[in-house]
Amino acid sequence: AIAAVTTFLILFTVFGNALVILAVLTSRSLRAPQNLFLVSLAAADILVATLIXPFSLANELLGYWYFWHTWCEVYLALXVLXCTSSIVHLCAISLDRYWAVSRALEYNSKRTPRRIXGIILTVWLIAAAISLPPLIYKGDQGPQPHGRPQCRLNQEAWYILSSSIGSFFAPCLIMILVYLRIYLIAKRRNRRGPRAQGASKGGASKQPHPLAGGASTKPPTLTSSLAVAGEVNGHSKPTGQEGKTPEDLGVVTLPPNWPALPNSGQGQKEGVCGISPEXAEEEEEGGPEALPASPASXGSPQLQQPQGTRVLVTLRGQVVLSRGLGAASGQWWRRRTQLTREKRFTFVLAVVIGVXVLCWFPFFXSYSLGAICPQHCTVXHGLF
């Protein structure tokens with residue numbers, strides 16, 4: 001049963017991590033620099049599944065080391081290298097998440113493939129520094145029961161404690177502190193968010209955007225071509241004005257209680273919804289607010305606008321409601337989408353890291369106890 005379950009886990013690990021590498025390398029949407037961490041982590045897991053797990057299974061089933069003595073030393077070094085690399089990769093990913101959340105604008109400009117590759121190289125160097133000492137200094141290999149060859153890790157207390165701290169306990173402590181900090185930042189932002197939005201809306205409502213005609217120094221106006229409700233008044237449409245409804249805008253029919261606007265005779269070009277692009281950008285920064293009613297032009301009847309909307313009277317007697325017009329609104333929505341994606345990705349990584357810590361903790365706890373109190377803190381062999 002143990003052999004069947006372990007074999008299934010080996011195949012599942014190789015197949016799943018190979019799919020991760022293939023997806024990141026072939027999908028254009030996954031070619032972000034930070035996803036290189038996932039590629040390197042998947043490579044470390046494949047290394048564990050192919051070069052370590054099969055020999056560990058054979059050693060466990062046979063009860064002794066069946067293979068060459070030289071391969072035992074290489075096998076132990078590879079086991080420490082890959083396992084340490086996998087754990088330190090999770091630590092590096094958590095730090096990347098923290099920097100992306102706490103210093104988003106500054107860090108995103110520095111998050112280049114070259115920088116990420118340098119961090120990955122540092123991770124592998126740390127893992128190599130922890131795995132190389134057993135190859136250089138053999139140390140005490142412990143007794144060989146029944147004269148059969150055994151393949152065990154270095155039994156020196158100094159190496160057990162140093163490798164356990166460097167491979168697991170230090171990265172684990174860093175990950176816990178980092179994700180605690182991320183949680184506090186997210187909690188503070190969520191608590192501050194409604195107040196900040198309320199303040200911006202209050203400030204925006206104090207700055208009316210009248211729809212009045214005039215020169216460029218006056219409040220923006222509805223254009224003459226858009227102010228003529230031709231079909232409502234029964235007049236013919238001016239030539240060349242058909243089909244000029246702005247794209248990407250929702251269109252609703254003009255209510256009957258809205259009076260038609262006469263031709264103002266002005267041909268100046270204005271922004272969509274009768275306001276200039278500058279005023280549109282200012283309005284987007286403050287959030288979508290209601291525009292107070294004001295005269296459309298000198299001598300024209302008042303144009304009452306529904307609260308919470310921006311309108312555009314077209315030639316066909318319709319009202320066009322804008323959907324996030326302006327560069328500021330687009331940037332705001334992109335930023336909000338990016339933050340939502342970052343939060344979701346951070347939550348998924350927190351779950352993955354938590355599961356990995358729980359899986360590794362029993363081994364490193366028992367391994368460290370063997371060095372701290374070797375005679376009174378023995379762990380039963382059947383535990384693993």
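Cβ atoms here come from the backbone N, Cα and C positions, even for glycine.
Between Cys151 and the candidates Cys72, Cys273, Cys359, Swiss-Prot records a disulfide bond only with Cys72. Judged by membrane topology as recorded in Swiss-Prot, Ser29 sits across the membrane from Gln375. Note on the transmembrane segment (73-95): residues 34, 37-38, 40-41, 44-45, 47-48, 51-52, 55-56, 67, 119-120, 122-124, 126-128, 130-132, 134-135, 151-154, 163, 166-168, 171-172, 174-175, 178-179, 349, 352-353, 356, 360 of its chain, located 6 or more positions outside it, place their CB under 8 angstroms from a CB of the stretch.
Around the Cβ of Cys151 (disulfide bond), the number of neighbouring Cβ atoms within 10 Å comes to 19. Per-residue confidence over the topological domain 'Extracellular' (141-156) averages out at a pLDDT of 70. Same-chain residues lying 6 or more positions outside the topological domain 'Cytoplasmic' (26-36) and placing a CB less than 8 Å from one of its CB atoms are 93, 96, 100, 111-113, 115-117, 120.
Taking the Cβ of Cys72 (disulfide bond) as centre and 10 Å as the limit, one finds 18 other Cβ atoms among all the protein chains shown.
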